[in-house]
């Protein structure tokens, strides 16, 4: 059997040898993503997710041609693998790397966007799809399916916007976009799990209240479990001092405790994503300060690398799945009908975002003024926050596969339409909106070139560099020169010391 025969049969066979070949090809493509991403690193128009999707599209096209139209996949997607192996490192790293000062300073605003916003957005998308989808001959969806669609398309991906924003120039905006993105993912998964528990045959106002109460229970208990896991890890590291023997044990304990908290949450039917997020926050705030210096450096880079590989893996598969011939044939929709469905979903996403971003921003500004807190969320900031949430990513894909497929396979034409719609919306929003993010932000928030030059420029020193003090000049001149020299020394110590040592006056 040829290499690509193994590739296209991976979803149907399970022998170890048949797993090795496609995994080898997929890992090779992952490495290619890293190399191309490095070459495009200076191009802020293209980020890692866009690069992975484009390479996935190209790879899927090649596999499709070689397999003579049978399949575009190397691997068959399994939503359980995503939630157990791929999602935990992404969310844990987000909690571990979060800027805690800004995050907790804007905690109420972030939580309002990430929690209340998801409820508002999912309600609008659910109602809109329930009303508009039948007009496109999309029938046969249950109430649970419509509620699931609302949650699926309320999950955001803010990577493109975060790569363009400058944290030092707009700390408030960066904190809100980053914080909302993480809390949004966690809330979407919690709400999705709560929706799966409802009795669709008896859905009424009490059912909606039951969903809300179930959500509060899952949210609070999952958060408490994550906090407990983070504090327990910190106590063990502080009390037993693992670093006196090996820093490997410290890193291993942090990683395993985080994963243990996630698995315990899933075991008790809680939200593992929320648990591991708050475990990451607590570990970075307490456990990180109880390990050796080498462990501190290693954990930062190791956790970020694991998250990066998982995200690249997901977006690479999304690009390949966009060319899944089986789902396209099964959907049985004309091109114009499909375009109408995609446009409807994108419109509902935009309306759902606007319905909470601008009102909640106004409310936050009002509360901050009463508390005499600054700065406020300007209208331009609100537009950027709204735009950042228009893009959809890995969580939407995973939830769609969990709702409408079984181990990546669906036999229902309507469910196939929903899966392909999710893939196209993710592709379009990531590629098109992602490409437009930089010019939009540059137009709304032009960079302060003077501030950036004051940070990045080399010190302006004349060719005849003078010493720190000179007995031939007045005391006032000496003090001014000393002030400038000391400022230069703190900003560029190596450069300043070298210039003073080689200066003619100091030879």
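Cβ atoms are placed via backbone N, Cα and C, with glycine included.
Nobody curates TrEMBL annotations by hand; they come from automatic prediction.
Listed in TrEMBL for this protein:
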- 20-40: transmembrane segment (TRANSMEM)
- 37-441: domain 'Cation/H+ exchanger transmembrane' (DOMAIN)
- 52-69: transmembrane segment (TRANSMEM)
- 81-98: transmembrane segment (TRANSMEM)
- 110-134: transmembrane segment (TRANSMEM)
- 172-195: transmembrane segment (TRANSMEM)
- 215-237: transmembrane segment (TRANSMEM)
- 257-282: transmembrane segment (TRANSMEM)
- 302-320: transmembrane segment (TRANSMEM)
- 340-363: transmembrane segment (TRANSMEM)
- 383-401: transmembrane segment (TRANSMEM)
- 413-436: transmembrane segment (TRANSMEM)
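Contact check: the transmembrane segment (383-401) against the transmembrane segment (20-40) gives fewer than three Cβ pairs closer than 8 Å, residues 6 or more apart, which falls short of the contact criterion. Simply put, out of 81-98, 110-134, 172-195, 215-237, 302-320, 110-134 has the most Cβ pairs sitting under 8 Å from the transmembrane segment (340-363). With a cut-off of 8 Å between Cβ atoms, the residues of this chain six or more beyond the transmembrane segment (52-69) that come close are 4-5, 7-8, 29, 32-33, 36-37, 311-312, 315-323, 325, 427, 430-431.
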